[in-house]
Each structure stands twice: as structure tokens, then as C-alpha cells.
Amino acid sequence: MNKTKVLYPGSFDPITNGHMDIIERSAKIFEEVNVAVVKNIQKKSTFTLEQRVEMIEKACKHLSNVKIHQFEGLTVDFAKQIGCSTIIRGLRAVSDFESEMQMSLANKKLNDELETLFLVADGKYAFLSSSIVREIASYGADISELVPENIVEDIKQRFNDK
């Protein structure tokens, strides 16, 4: 497994500036950051898998060492498939740590070679989540400081179509 390749999985429904902070910081540390959009059949998404991938591609186009993927199934299996031995996760609060630690331990049980690294969110993004963006956007309020500027219109359009 390659130690310079990392995996950052998530639903990214939609990607936020908090996600981008984690991606950009990871891109400075590691040679290759693999952002993987999870197709979770148990979770109803606001944006299609294709829309989420497209928004992330737009948001990350300035980062030459970031690759975008989509997958269905277990993160540990996908990490192995693309040769990553490290998963990156962002932490906003203690509540994130509890759930992320559980997931990290479960992943380690499934693949002993897989490590999880936690990056603490920048304080200005500690409140930010995709669900907050969706709620604010659903009321037509300004989301321009919450998501990458080049996807604001994509998100607005989705809520105007409803």
C-alpha cells in the first residue's frame, strides 16, 4: 500500500468549504488525495451521485494532485482497490470524534493495514455541514460563504427545480 496516497471518502451532498479545507490541507501534505463520493443506498441524497462528483471536480480543479472517484460498498474495500492505506477524516466537534472513532475502529477490524488520520476543522468551519447548506439553500438564502464559489449556482439551481 502506498503511504503517500490517501482516501477522503464522504457523501458530499453537497461539498462545503469545510470539506474543501480538509482536501486542500491534505493536498499540501500528501502526494495524492483521492476524494471518493459514496453511493449509499440507505441514505436519500439531495444531489445525484453524478451531480456530487461534478461539483467536486469543479471545486477541486485547481488541485492537480486530487483525484475524484465514486464508489458503492465498504470504504475499506475501495481503499484497497485503489492502493490507499490511509483514510482522512475531518473533525468539527467532539461528537464527530465519537462517531469517526467508531468507524475507524471498525475499518481497522476489517483491514488491519488501514489507518485513519483526523484533521481538525478550521474554526470558521466548525459549524458547517452539508445538511446546513441544504437547509439554507432550500429557503433561497445566501450560501456563497459556505460552499466553493464555482458551485453556488449548481446548488441554487437544484433547489429552484423543486
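Note that Cβ sites are derived from N, Cα and C of the backbone, with glycine treated the same way.
The DSSP secondary structure for SER11 (ATP binding site) is coil. A 10 Å cutoff on Cβ-Cβ distances gives SER11 (ATP binding site) a total of 17 other Cβ atoms nearby, all chains included. Under the heading ATP binding site, Swiss-Prot lists SER11, PHE12, HIS19, GLY90, LEU91, ARG92, GLU100, TYR125, ALA126, PHE127, LEU128, SER129, SER130, SER131.
Here Swiss-Prot flags SER11, LYS43, THR75, ARG89 as substrate binding site. Annotation for ARG89 (substrate binding site): spatial neighbours TYR8, GLU100, MET103, SER104, THR116, LEU117, PHE118, LEU119, criterion Cβ-Cβ under 8 Å with sequence separation of six or more.
Residues or ranges marked as site 'Transition state stabilizer' in Swiss-Prot: HIS19. Its own atom aside, the Cβ of HIS19 (ATP binding site) has 25 Cβ atoms within 10 angstroms in the protein chains shown.
On its own chain, ALA126 (ATP binding site) has ARG92, ALA93 as residues at least 6 apart in sequence with a Cβ closer than 8 Å to its own Cβ.
Summary for the binding-site residues LEU91, LEU128: the Cβ-based neighbour count within 10 Å is maximal at LEU128. Note: the Cα of HIS19 (ATP binding site) and the Cα of LYS43 (substrate binding site) are spaced 19 Å from each other.
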